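Copied from TrEMBL, the annotated features are:
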| type | residues | note |
| --- | --- | --- |
| DOMAIN | B:35-261 | domain 'ABC transmembrane type-2' |
| TRANSMEM | B:37-59 | transmembrane segment |
| TRANSMEM | B:71-91 | transmembrane segment |
| TRANSMEM | B:112-137 | transmembrane segment |
| TRANSMEM | B:149-172 | transmembrane segment |
| TRANSMEM | B:179-196 | transmembrane segment |
| TRANSMEM | B:241-261 | transmembrane segment |
Amino acid sequence: MKKSVVVKNVSKKYKLYDTHAERLKDLLLPKSYGEEFYALHNVSFKADKGDIIGLVGVNGSGKSTLSNIIAGTIPPTKGSVKTNGEAAMISVSTGLNGKLSGRENIELKCLMLGFSKRQIRQMEPDIIEFSELEQFIDQPVKSYSSGMKSRLGFAISITVNPDIFIVDEALSVGDKAFAQKCLDKMHEFEQRGKTMFFVSHSLTQMKEFCNKVIWLEFGEIRAEGEASEILKQYEAFLKEYNAFTPKEKKAFRNQGFEKQSAVRAVTE
Amino acid sequence: MNAVLTVAKELWTSIPLINRLAVYETKIKNKSNYLGSFWEIISPLLFIAIYWFAFGYGIRQRSDVDGIPFLTWMLAGIILWFFIQPGVTNGSKAIFSKIKMISKMNFPTSIIPAYVVISRLFPHLALLAITIVYMQFAGHPISIYYLQIPYFLVAAIMLVISVVMITSTLTVIVRDFQVFIQSSIRVFLYLTPILWPMDNRLPDWLIPVMKINPMYYLVEGYRASFFYGEWYFITNASYTLYFWALVFVLFSIGAVLHVRFRRHFVDFL
């Protein structure tokens, strides 16, 4: 079967600068300044067509970075991502311009994606219909609630019909009815053989929906495989983690941070 | 050299997209004002009135510039300034302010500064039309030399796009650069013969120095089209050559910078 997404040894390095001067020096001088931080380190996996992959992990484990890299909005520092088809990402307010109205955002977004004026005019009613924004569609997006924004983002993305779909927390802000509508739509996509990535803290949604799960921890893959199994492990971990005292939690995070900063020393 | 070709090809093949985005940009820019896009014309006309009052009526005591009334003389040049100045300032912050709209990597980012510059073309064309009508009554009716106007307009577009190709990238990397551009571009209003004529008034050695500024070429070109009665780009062939060489160099620098950093624009935000 043809792989739809192949992620190979992807690392994403960010630099943490203490001052502006440090940032400038790093840019201009050959010597490296600032502290390095690996949001992702050496992540590899493959996705088949029709896979629905859940990304789980505690805050700061690299879920959003990974989804951004798959969507192609940010470049990986090392490694490669091969996608078979167009990828689109939905997260709360991705690429929406607050000053513009909902309708203008639809037009602009579709223009940026390379659709012609006529195609956009055809797609617009569908998008507005799906977003359930009705009379709010001509109001500026900055006045929208987060639920409205994610509805608009979701409606645009599904109507432009990408092959690979990344949903980053977008469903957790809408109400149950809309979430259900989106899940139905995604089931339809699943049948059409589209690949989906699903980032959420709602394990119930994941259980119902994903067939594979990747568990990220401190920018690395801690476990991946069948959804039910990994989710069971993850749930067990969460229970344990929640039982930590605040001090232990902090120690856990610090240990992770040190790991993510020190990766370089190990690999180079 | 590769980068130059890449960017040139991207711009060339995206011309329809650039136009559509430019139309869109103009449409939404003045949305929240009651007078809408009219401000794009009202505001330069206000400035023209003020400059005429301060320079023509006040400083020059209503004297002519080589037989041409000051207002007529100034108008022919200043309309170009109202394209170049906002073109450069808006174009410089184009990538920084629009990159978030882009959600996929294979979008040709080089068209972002280009379409922002092109969007400034619509008010310019309106001003140009007003000026042409005005010239009919001011004693400089349509002549064969008007045919130079499209040439100098294209030259102006090329120059501005080349400049913002550099500045839009640098602005993403060092935010201060935008502030620098915004304040330094104003200087050129006085360093170009827009509000005051330079030849015959400056010492001979200074004229070539002022001519290093490529806007000198464009402004004088516009004036030649309206009333000098000469083919400016032919009678000043070596200046034409200098202008295009400069545009090429600026464009190359801009293209190299753009291609070098484009993958990482989002990382700098």
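Including glycine, each Cβ sits where the backbone N, Cα and C put it.
Non-local neighbours of the transmembrane segment (B:71-91) in the same chain are 44, 47-48, 51-52, 55-56, 64-65, 113, 116-117, 119-121, 123-124, 127-128, 131, 134-135, 138, 140, 152, 156, 159-161, 163-164, 167-168, 181-182, 185-186, 188-189, 192-195, 197, 215, 218-220, 222-223, 225-227; each lies 6+ residues outside the stretch with a CB under 8 Å from one of its CB atoms. Most Cβ pairs under 8 A with the transmembrane segment (B:241-261) among the ranges B:37-59, B:112-137, B:149-172, B:179-196 are made by B:149-172.
Using a Cβ-Cβ cut-off under 8 Å and counting only residues 6 or more beyond its ends in the same chain, the transmembrane segment (B:112-137) has close neighbours at 11, 14, 17-19, 21-23, 25-26, 29, 37, 40-41, 44, 72, 75-76, 79-80, 82-83, 86-87, 90-92, 94-95, 98-99, 102, 146, 149, 153, 157, 160-161, 164-165, 168, 226-227.
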